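Trainee: Take this structure, written in structure tokens, and hold onto it; I'll ask about it next.
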Amino acid sequence: MAGRTVVGVLALQGDVSEHMRAFADALGGEGEVVEVRSPADLERCDACAIPGGESTTIARLIAENGLDDAFRVFEGGIFATCAGMVIVAVSINDTRFRPLGIVDIDVERNAFGRQRDSFEADLDVTGLDEPFHAVFIRAPLASAAGPGVEVLASLPSGIVAVRQGRHMALSFHPELSGDLRLHRMFLAGL
């Protein structure tokens with residue numbers, strides 16, 4: 001991208017400070033990281049992270065703050081992690097809210113079980129030379145990906161990382177790993 005990149009982090013619920021720190025480090029002073037709470041905040045961004053948290057709560061807050069339509073027409077890249085993957089999917093296994101339909105994936109919420117079933121795994125990720133240590137907390141899983149979606153990583157149970165155009169959706173929390181490679185990969189694709 002030309003000029004200084006502005007990365008927003010949806011700041012309604014979830015791992016906001018962790019994502020802000022990871023993107024600030026990944027940008028290395030070559031951009032700005034801002035909180036996104038409104039459509040006006042989103043409009044000034046080149047990219048936006050939708051962090052993990054509780055997907056039904058995040059979806060409700062997105063709608064209450066008028067961000068649902070703003071995200072659907074947003075031309076920047078979206079970096080969606082954990083609950084964010086649920087939010088950006090085309091379809092989900094939950095009827096309590098309608099996902100944004102930005103990334104052509106079908107997602108199962110809490111596919112690996114409850115909080116006590118959280119785990120860590122080393123993933124082989126397309127585009128990375130070494131495995132990525134991923135933290136899964138009440139993680140979703142993509143059960144299917146459309147034809148325009150590149151699967152970046154999978155586990156035996158299903159898809160855990162995808163890229164579609166400028167967007168990335170991950171079922172885990174890269175912001176908790178201390179490894180900035182996925183944040184940098186996302187930024188390089190803007």
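Backbone N, Cα and C define each Cβ position, glycine as well.
From TrEMBL, here are the annotated features:
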type	residues	note
ACT_SITE	CYS82	active site, nucleophile
ACT_SITE	HIS173	active site, charge relay system
ACT_SITE	GLU175	active site, charge relay system
BINDING	GLY53, GLU54, SER55, ARG109, ILE137, ARG138	L-glutamine binding site
Trainee: Pick from ARG109, ARG138, HIS173: which of these recorded positions has the biggest number of other Cβ atoms within 10 Å of its Cβ?
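Mentor: It comes out as HIS173.
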Trainee: Neighbours of the L-glutamine site GLY53, GLU54, SER55, ARG109, ILE137, ARG138: Cβ within 8 Å of the Cβ centroid, same chain, sequence order.
Mentor: GLY52, CYS82, ALA83, VAL86, ASN110, PRO140
Trainee: For a quick check of understanding: given the listed L-glutamine-binding residues GLY53, GLU54, SER55, ARG109, ILE137, ARG138, what is the maximum Cα-Cα distance in angstrom, as an integer?
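Mentor: Comparing all Cα pairs, the maximum is 13 Å.
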Trainee: Please report the number of other Cβ atoms within 10 Å of the Cβ of SER55 (L-glutamine binding site).
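Mentor: Taking every protein chain into account, the count is 28.
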Trainee: Of the active-site residues CYS82, HIS173, GLU175, which one has its Cα closest to the Cα of GLU54 (L-glutamine binding site)?
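Mentor: If we rank CYS82, HIS173, GLU175 by Cα distance to GLU54 (L-glutamine binding site), first place goes to CYS82.
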Trainee: Using the structure shown, find which entry in CYS82, ILE137 (the recorded positions) has the sparsest Cβ neighbourhood within 10 Å.
Mentor: ILE137
Trainee: Reported as an integer number of Å, what is the Cα distance between HIS173 (active site, charge relay system) and the residue listed as 'active site, nucleophile'?
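Mentor: Per the Cα atoms, HIS173 (active site, charge relay system) and the residue listed as 'active site, nucleophile' stand 6 Å apart.
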Trainee: Provide, as an integer number of angstrom, the distance between the C-alpha atoms of GLY53 (L-glutamine binding site) and the residue listed as 'active site, nucleophile'.
Mentor: 7
Trainee: Cα of SER55 (L-glutamine binding site) to Cα of GLU175 (active site, charge relay system): how many Å, rounded?
Mentor: 17
Trainee: State the Cα to Cα distance, in Å, between GLU175 (active site, charge relay system) and CYS82 (active site, nucleophile), rounded to an integer.
Mentor: 11
Trainee: Give me the CA-CA distance between ILE137 (L-glutamine binding site) and CYS82 (active site, nucleophile), in Å, as a whole number.
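Mentor: CYS82 (active site, nucleophile) has its Cα 8 Å from the Cα of ILE137 (L-glutamine binding site).
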Trainee: Between ARG138 (L-glutamine binding site) and CYS82 (active site, nucleophile), how far is it from one CA atom to the other, in Å?
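Mentor: About 8 Å separate the Cα atoms of these two residues.
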Trainee: Hey, of the recorded positions listed (GLU54, GLU175), which one tops the CB count within 10 A?
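Mentor: That would be GLU175, with the most Cβ atoms nearby.
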